[in-house]
Amino acid sequence: MYYQDFILPIIGFYIGGELLLKGGKRVSNQAVFLGILSSVPEIVTLLGLIEERSYYLAIGSIIVSVILVSTLGIGAIGIIAFLKWREKVTVKLNERPLIGIISALLIAILIIQRMNYLIGIPLIFLLIFYLVRKLEGIKANNKGIYLMIVGMGILWVSSQFLVSSITSSQLPNWAYSEFLIPILLNAQDLFVGFRESANDPRLTSQVTEGFIIEIVMLSLFAFGVLGVLGGFGGLPLNGLGYLIFSLVVVDTALIILSSKNDFSFKDSLILFTLYFLIPLSLLQKPL
């Protein structure tokens with residue numbers, strides 16, 4: 001795969017993401033809606049990879065995306081808040097019980113070494129319940145809806161180009177799932193979050209809440225869909241055990257560190273350093 005193959009998807013993801021953000025800012029509860037919209041690039045790419053039957057590339061990319069947002073995203077926001085504003089990031093983590101349930105189901109996956117419908121169906125129901133609760137009472141004007149529809153269309157087309165390039169590439173799947181795809185899909189969200197947090201201390205909590213909603217959405221959707229597709233027999237992990245274990249570690253840290261409804265500089269630094277669980281996975285790869 002040549003570097004030129006990245007250009008069109010990068011441009012498309014940037015334009016589509018900007019349109020989603022502009023549309024999302026025209027709704028009544030920006031943090032919630034922007035958090036949901038931030039998961040759209042990963043979801044459309046996941047669906048494209050599933051369509052190509054690249055199941056392990058799909059789930060690996062989502063796992064690393066969740067870890068990336070939880071560590072470099074939430075962790076960096078807390079570090080910025082301390083260094084720039086000398087403040088903690090205050091956020092009431094209503095999702096804490098849900099993240100705990102997700103972690104428990106991930107541990108079950110590690111034990112049975114498969115993703116099957118007994119795991120997938122509960123996660124799909126949790127996703128539907130979560131979305132209904134979060135979207136309740138949210139209002140958007142016509143221009144905001146139009147911008148979001150156009151943005152999602154651009155993201156879908158861009159994801160198809162990305163999936164086509166990946167499936168025809170000679171690079172190993174782990175290079176995409178653990179590094180290239182998560183970075184490509186999340187770079188804009190992270191940059192916007194850092195920029196907003198550095199410009200206004202009041203936005204640090206809103207950005208952090210949006211990131212938390214995004215990681216919950218991605219976890220529920222990805223493991224739910226792949227669990228259902230696995231049927232009764234289930235999809236074997238095939239080398240995903242370390243990444244799933246890393247996600248459980250990060251989720252557990254997120255639950256513990258947010259117990260006081262804020263993230264101090266120390267808490268944020270711990271989260272930030274947990275990202276290095278991903279590069280450590282290279283120790284398992286063949287040279």
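Numbering starts at 1 and runs along the chain as it is shown here.
Backbone N, Cα and C atoms are what each Cβ position is placed from, and that goes for glycine too.
Note that the structure is predicted; figures quoted are calculated from it, not measured.
What TrEMBL lists as domain 'Sodium/calcium exchanger membrane region' is 32-132.
The transmembrane segment annotation in TrEMBL covers 31-50 (among others).
Annotation comment: TrEMBL describes 56-83 (among others) as transmembrane segment. Beyond the transmembrane segment (56-83), the same-chain residues lying 6 or more positions past its ends with a Cβ under 8 Å from any Cβ of the stretch are 42, 45-46, 49-50, 89, 115, 166, 173-174, 176-179, 181-183, 185-186, 189-190, 193-194, 197-198, 201, 204, 207-208, 211-212, 214-215, 218-219, 221-223, 226, 238-240, 243-244, 246-247, 250-251, 254, 263-265, 267-275, 277-278.
Summarising the annotation, TrEMBL assigns transmembrane segment to 95-111 (among others).
Among the features that TrEMBL reports, transmembrane segment is placed at 144-162 (among others).
Taken from TrEMBL, the feature transmembrane segment covers 215-233 (among others). Distant neighbours of the transmembrane segment (215-233): 35-36, 39, 42-43, 46, 50, 55, 58-59, 62-63, 65-66, 69-70, 95, 98-99, 102, 105-106, 109, 114-121, 123-124, 126-127, 130, 247; these residues of the same chain sit at least 6 beyond its ends, with a Cβ under 8 Å from one of its Cβ atoms.
Marked as transmembrane segment by TrEMBL: 239-257 (among others).
Look at TrEMBL and you will find 269-286 (among others) tagged as transmembrane segment.
If one looks beyond the transmembrane segment (95-111) by at least 6 residues along the same chain, the residues whose Cβ comes under 8 Å of a Cβ in the stretch are 119, 122-123, 126, 130, 212-213, 216, 219-220, 223, 237, 241, 244-245, 247-248, 251-252, 254-255, 258-259. Broken down by DSSP into helix, strand and coil, the domain 'Sodium/calcium exchanger membrane region' (32-132) contains 83 helix, 4 strand, 14 coil.
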